[in-house]
Amino acid sequence: MKIACIGAGYVGGPTMAMVALHCPEIEVVVVDINEERIKAWNSDKLPIYEPGLLEVVKECRGRNLFFSTDTKKHVGEADIVFVSVNTPTKTTGIGAGKAADLTYWEGAARLIASVSTSSKIVVEKSTVPVKTAEAIGKVLKRNCQDPNVQFEILSNPEFLAEGTAIEDLRHPDRVLIGGSDTESGRKAIESLASVYAHWIPRERILTANLWSAELAKLTANAFLAQRISSINAISALCEATGADVQQVAHAIGTDSRIGPKFLNASVGFGGSCFQKDILNLCYVCESVGLKEVAEYWYQVVSMNDYQKQRFVERVISAMFNTVSKKKIAIFGFAFKKDTGDTRETPAVDVCKGLIRDGAKVCVYDPEVTAEQIFRDLSAPKFEWDRPNYSRSASHMLENVQVVQDADAAAEGAHAICVLTEWDAFKTYDYQAMYDKMTKPAFIFDGRNILDHAKLREIGFIVYALGKPLDAFLQKNYA
Ligand code: NAI
């Protein structure tokens, strides 16, 4: 058996590496139009940072795992073709700002059709709007010259989380495979299930109809994001009432019906999927006339935007209503720890908000390059999810500095904003930083990871998200 995967990104690369690792008899080739990315996959500096990924890749690369730009050859030869390309939010035209742009998906389907001389199973790995398989089926059928070639489309959405991708792929809660309820559909589902069964217990391999599988992915992300927005909404109320969001989260999380996960209040969710997939879900709802359902889910995104804006306003109001020309150290730019991914990171909105008020931000992140930070801070909304984004120009910005260590960021700064929960941030010598900062020195902990009592002892004015406010930060403090 030969498997090809179109799209060597955060999903295509790790998922295919895991398949190759556990299925040594299957040849797995990941193809991409981005030459630089493929070059990086073939080197020791992989294009994405993910704990444990390099070890897996090294074990099977050159054995049965290959990365190539020769899309036509490998897709043409494959029995199963995964499609894991970008499905960004549309920026223009009908549905701009919410609908999924399926340009890249359709391009991949046309390619598959044009090079196929044998029947294939085509697997939707990208997150797509419900009913995409129907459209893709038509594209495949109408563009293939050989009438004997049959395509069976499966939906196999990916539930991995960045930062823990390898662990998630090794021991997934479930694998979901959706297909047609026909003889060939059931056969295709079984072929794909038998690949996963190399390392995943059969009872964890769920099957469903195509539309349920497509919709399950959008729903899973909507529910996860909703939990974050829910606890973030409560964090605002905690600050207004003197309650502590961590105590509230603990109290509700011990209820087995609610459970403890995804209850950390923060400066907001990020990542390539949550916002995009909810907007997409809303658009699908609107398209079928379910206005109230769409509005319900929009609120999850609005609450996230509110949380980022609220954080910016806290910083500015605490610092005497002006951050103009003040140096503000930004600790962390990735959308969460253990990844170098900055897509939809709240750090972009927070930095832009502070810069709009005249601040000079000085950013440090252990995994994100200066080039990436400048590119993100100068790019228009949704632009990051295009295949050529990583090759687009990165502009220097007057009020942004990127440094190689946290001490340099804090030196002379008026404030530190913690925007990513990197473990290393917890163990810094904050006394030494305090000594070199402008006074009063502020810390705005957007992730609630620092020892706030200790920081207050040092002399910092501390804002901890969703926690009782320091007297200094209260409006009536003189
Ligand atoms: P990515 O941007 O990292 O990778 C997509 C890759 O596809 C890029 O390298 C791009 O050059 C390539 N590509 C685009 N069009 C192509 C074409 N016609 N031929 C060959 N290569 C092409 O994106 P990522 O994060 O891997 O996401 C892919 C899909 O998976 C999206 O639909 C996303 O929503 C979904 N997803 C992402 C997750 C994540 O954590 N990043 C998790 C679960 C699903």
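Cβ atoms are placed via backbone N, Cα and C, with glycine included.
TrEMBL has this to say about the protein:
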BINDING   7-12, Asp32, Arg37, 85-89, 126-127, Glu162, 273-276, Arg343  NAD(+) binding site
ACT_SITE  Cys273  active site, nucleophile
DOMAIN    329-452  domain 'UDP-glucose/GDP-mannose dehydrogenase C-terminal'
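Sequence features, as recorded in TrEMBL, placed on the structure.
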residue : record                   : Cβ contacts under 8 Å, 6 or more apart
Gly7    : NAD(+) binding site      : Val30, Asp32, Phe82, Val83, Ser84, Val85, Asn86, Ala108, Lys125, Ser126
Tyr10   : NAD(+) binding site      : Ile48, Glu50, Glu162, Ala165, Ser272, Asp341
Thr89   : NAD(+) binding site      : Gly97, Lys98, Ala99, Ala100, Asp101, Gln275, Lys276, Leu279, Asn280, Phe382, Asp385
Cys273  : active site, nucleophile : Thr127, Asn221
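Within 10 Å of the Cβ of Asp32 (NAD(+) binding site) there are 24 other Cβ atoms, across all protein chains. Least packed by the Cβ count within 10 Å, out of the binding-site residues Asn86, Gln275, is Asn86.
Note on the domain 'UDP-glucose/GDP-mannose dehydrogenase C-terminal' (329-452): mean pLDDT across this stretch is 94. With a cut-off of under 6 Å between the Cβ and any atom of ligand 1, the binding-site residues Asp32, Thr89, Gln275 reduce to Asp32.
Glu162 (NAD(+) binding site) counts 23 other C-beta atoms within 10 Å of its own C-beta, drawing on all protein chains shown. Reduced to three states, the DSSP call for Thr89 (NAD(+) binding site) is strand. Mapped onto three states, the DSSP output places Gln275 (NAD(+) binding site) in helix. In the three-state DSSP scheme, Tyr10 (NAD(+) binding site) is classed as coil.
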